[in-house]
Amino acid sequence: MSVTLDLSRMAPSMSKEGGDAPKALINLSGLTRAQLLVALTESGVAEHGKAKMRATQIFRWMHHRGVTDFALMTDVAKETRARLAERFTVSRPEVVERQVSKDGTRKWLIRMAPGIEVETVYIPSVGRAGALCVSSQVGCTLNCSFCHTGTQALVRNLTAAEIVAQVQIAKDDLAEWPSDKEDRLLSNIVFMGMGEPLYNLGHVADAIEIISDNEGIGISRRRITVSTSGVVPQLEALGDKTQAMLAISLHATNDALRDVLVPLNKKYPLEDLMAGVRAYPGLSNARRVTFEYVMLKGVNDSPDEARALVKLIKGIPAKINLIPFNPWPGTDYVCSDWAAIEAFGAILNKAGYSSPIRTPRGRDILAACGQLKSESEKVRASAMRKLSMAAMAGVLDDDDEAAA
């Protein structure tokens with residue numbers, strides 16, 4: 001299989017007054033091994049006949065050992081390291097803020113570029129294992145009414161390097177370099193952070209290939225789950241390109257209600273969504289789809305809704321995650337009573353569907369499901385307020401001088 005790589009597309013120009021715009025350094029962390037081989041060959045960095053070996057060496061340094069400086073790649077020739085540093089980078093984005101919940105959940109606010117921030121969350125489990133919830137976009141276009149992220153307008157897609165960087169930063173903080181395959185703290189990846197992954201499938205697929213590569217981080221694709229609100233035309237491509245586990249952000253059993261909770265449903269209604277799920281590549285009892293269902297008091301939590309859910313997903317190898325609603329500033333929704341959640345789950349269990357109730361984690365640091373929202377908007381709003389105040393101050397100064 002041949003791989004082509006448009007290096008100019010991956011490194012957008014940066015403006016420079018009075019001359020040609022210099023090219024930004026390409027972050028090699030966002031290249032699959034095949035893409036890395038092409039980059040080294042096309043740039044002329046790798047010695048003749050050694051490009052494949054160099055690609056594997058550099059990949060292992062980035063993703064097995066977690067280095068952020070070419071100078072530390074001691075089994076790469078010194079001259080080659082110098083040429084790499086002239087053209088590429090393996091640096092991390094800036095961690096603006098790190099928070100740790102009383103339950104051990106960790107949240108990082110990561111600045112990918114000026115004004116471009118995302119949140120990433122590590123959720124520890126009962127044992128050593130834990131899941132990392134990564135973002136695929138800055139903001140979101142879907143406007144799900146119960147989701148805090150949906151109140152932030154989409155800024156842009158994240159690149160594969162920016163998605164992978166979230167995993168690298170978590171491993172930095174958890175002190176999990178080198179990437180041992182056993183007894184690891186970070187054992188699962190879930191694309192359930194900010195954004196709709198299927199609206200950024202190319203970069204998401206590359207990131208999954210990098211994260212799952214056994215020469216590096218080596219997290220099995222069966223431990224990587226991609227959650228979508230239901231971009232039906234991309235479901236088959238997701239399965240074919242990534243072999244990742246599928247999760248559907250469902251939350252309603254009829255189109256009228258789902259149109260309100262998940263407006264994307266107006267474009268891809270439940271009948272189309274269920275057909276797409278049934279056709280998902282690799283779906284089986286061993287590779288079940290997960291339906292996510294947020295429990296909203298008086299909205300979607302009745303016994304009748306539970307029975308309708310059983311009917312809706314009949315014949316699909318599935319489990320249902322019942323998610324107690326996590327409040328956020330400004331929402332009108334309220335979490336279902338615990339008794340109502342348990343009664344809902346009992347109906348699903350009786351029908352043969354596993355329906356665990358997700359334990360709320362990280363609520364005290366707004367790191368729980370549906371609570372993520374970057375500080376980008378706040379930063380931009382603050383900057384605008386400062387500019388306005390400065391402008392007003394300038395007007396007042398002018399007025400004072402005129403009066404004098």
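Glycine is no exception: its Cβ is also placed from the backbone N, Cα and C atoms.
Among Ser179, Ser220, Ser227, Ser302, the residue that Swiss-Prot places alongside Gly195, Glu196, Ser249, Leu250, His251, Asn326 at the S-adenosyl-L-methionine binding site is Ser227. A gap of 18 Å separates the Cα atoms of Cys144 ([4Fe-4S] cluster binding site) and Glu119 (active site, proton acceptor). Among the binding-site residues Leu250, His251, Asn326, the ones whose Cα sits within 10 Å of the Cα of Cys147 ([4Fe-4S] cluster binding site) are Asn326.
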